[in-house]
Amino acid sequence: MDIKLEQLSGHAKTAKVGKINVTAGDQVEIGQELLQLETNKGNTPFESKYAGIIKELMVEEGDEVIINQVLLNMDTDETAPVKPKLDYFAGLLQGKKEQVEADVLVIGAGPGGYVAAIYAAKQGLKTVIVEKDQLGGTCLNVGCIPTKALIRSSEVFHNATKAADFGITIENIQMDMAKVTEQKDKIKDTLVSGIDYLLDKNGVRLIRGSASFIDDKQVLVKQGKDEYTIQASHTLIATGSTISNLNLPGIEHDFVLNSTTALQQKENFSSITIIGGGVIGMEFAFIYANFGIKVNLIEYCDRLLTMVDEDVSEEINTIAKERGIHVHTGAKVTRIEQDQDGHAVIVFEQGNQERFMTSEKVLVAIGREPNLKGLDIDKAGILINDNGKGIAVNEHLQTSAAHIYAIGDVTNRIQLAHVASHEGTSAIDHILGKAAAIHYDMVPNVIFTSPEIASVGLTEQQALQQNLPITISKFPFQANGKALTMREDKGFVKLIKHNDLGTIIGASIIGPEASALISTLTLIIQNGITEEEVIHTIFAHPTTGESIHEAALELGIGALHYHK
């Protein structure tokens, strides 16, 4: 007999076939799960109403199916269907309740959570992951990836305006913010579906819904009327972070954006004021400037990007001003008003004076804080950090409840996606008894301004504070052939050498391809590679990577292709 898809939960009309648990010739029993169906409401098991033998499968994993479509054919006794305790619609109204057991439960499917889940499953652990929103978390949906897509679009536009420098004439160059946003979303959707695929193929069960601790052994997940009670040997909290709140009069105006809503803009605008000269603020400043939008930037501290070396900060400040970004440091925004034309009026204090600035839009870019909302971690006996921000963990990422781990932004250690991913795999390694130390002092950091900024190891200030015997070198990209061909000759490579050890202990790059070059320097620093070993390494020509070789030479006899 033909077994059809008779009904889907909610108002869904279609579904995607997930994992298929049977093959032709299998004997199945009443109530046995035959396959998984995926809708925007989550995964639903498709269970057999009959006992019998699978004759033929009519669908494959990944197929789109509709109501009344035949999924498979069975040889069965049609007179003995399963008798539901309640009619179908009564069941829908009540929702389902399920007890779930796992070796590892991961709460949150961002770059820390989904990587940890796949890593655990690949090593034979029965793994469940819970996500209440989009797979990929902040990074993939409203953070790292979307902003880089916008950055690329803005760079293409900016390069088009400078095409004449390369001997190319382009007329009537235009930017359509709606189409820019559309292509950004396509990239995001491709990667989200990729995570879904990887979780499925690695046998990770995905449960949609909001998680909260019942106690230190059980977690309750709710999605509408459905409830799942999950008991796992080990739990990883990977719920990430949320945008920090700012108590600023006028922040409620419609023209005020945050880092999430800024990614959703579909209308062109001519001017914007950015509050905050940190990573988020600076990346958006160059995005908008590259698009030809007038950018004002207000930073409370006396310099931009206070986490990088002062000379790097000064260099990006100079470049920003050359790009037409109006930078105001040592300034405090006190309120936002609206003028008679509906535009923003930003009121700020600078040098004991009250000043005013107008623009169409305002972007508030003042950072993020750990997301603990609704988790009820106190019921599991989980403690937070002494400063009240983030879950407290030890060197193995264990919370005060040793079988519960926390990774990524929720710990308020280092808010970087690649740190969260590494912590996720490290936590699983600890569960498996093969943990290794995490080198937090050697985490590469990249800021996607134009040009890019990257750093790893100690900054110059940190080395001096530790009274280390150091030598510092710089090699400018204006002396690098590849950079000149790209017409991107701003910036430099900076190395810090420990004089007694001869090893490179810190590095900063501001310039073309910094995001790619920093991985080479991370390997050099983490593995204790010396200045001499770098010098005797052959770097390909012509590449921006040669600047690392030249900077290493500058630590000793001096660079070969640059003379001060």
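Using the three backbone atoms N, Cα and C, a Cβ is placed for every residue, glycine included.
The active site, proton acceptor annotation in TrEMBL covers HIS541. HIS541 (active site, proton acceptor) carries neither a helix nor a strand DSSP state and counts as coil.
Residues or ranges marked as NAD(+) binding site by TrEMBL: GLY276, GLY277, GLY278, VAL279, ILE280, GLY281, MET282, GLU283, GLU299, GLY367. Taking a C-beta cut-off of under 8 angstroms and a sequence separation of 6 or more, GLU299 (NAD(+) binding site) has the following same-chain neighbours: GLY276, GLY277, GLY278, GLY281, VAL327, HIS328, THR329, GLY330, ALA331. A coil conformation is recorded for GLU299 (NAD(+) binding site) in the three-state DSSP classification, outside any helix or strand.
Feature annotation from TrEMBL assigns disulfide bond to CYS139-CYS144. For the recorded site, CYS139 (disulfide bond), the DSSP three-state label reads helix. Cβ contacts within 10 Å of CYS139 (disulfide bond), excluding its own Cβ and spanning all protein chains shown: 23.
Here TrEMBL flags 1-75 as domain 'Lipoyl-binding'.
In this structure the residues listed as binding NAD(+) are GLY276, GLY277, GLY278, VAL279, ILE280, GLY281, MET282, GLU283, GLU299, GLY367; their two most distant Cα atoms lie 14 Å apart. In three-state terms derived from DSSP, GLY278 (NAD(+) binding site) belongs to neither a helical nor a strand segment and is classed as coil.
Cβ-based crowding with a 10 Å cutoff singles out MET282 as the top-ranked of the recorded positions CYS144, ILE280, MET282. The Cβ of HIS541 (active site, proton acceptor) lies under 8 Å from the Cβ of GLY481, each on the same chain and at least six residues away in sequence. When each of the binding-site residues GLY276, GLY278 is scored by how many other Cβ atoms sit within 10 Å of its Cβ, GLY278 comes out lowest. Counted with DSSP, the domain 'Lipoyl-binding' (1-75) comes out as 0 helix, 40 strand, 35 coil. Close to the recorded NAD(+) site, the chain also has ILE274, PHE284, ALA285, LEU304, LEU305, ALA365, ILE366: residues not among GLY276, GLY277, GLY278, VAL279, ILE280, GLY281, MET282, GLU283, GLU299, GLY367 whose Cβ is within 8 Å of the site's Cβ mean position. In this structure, the CA atom of ILE280 (NAD(+) binding site) is 10 Å away from the CA atom of CYS144 (disulfide bond).
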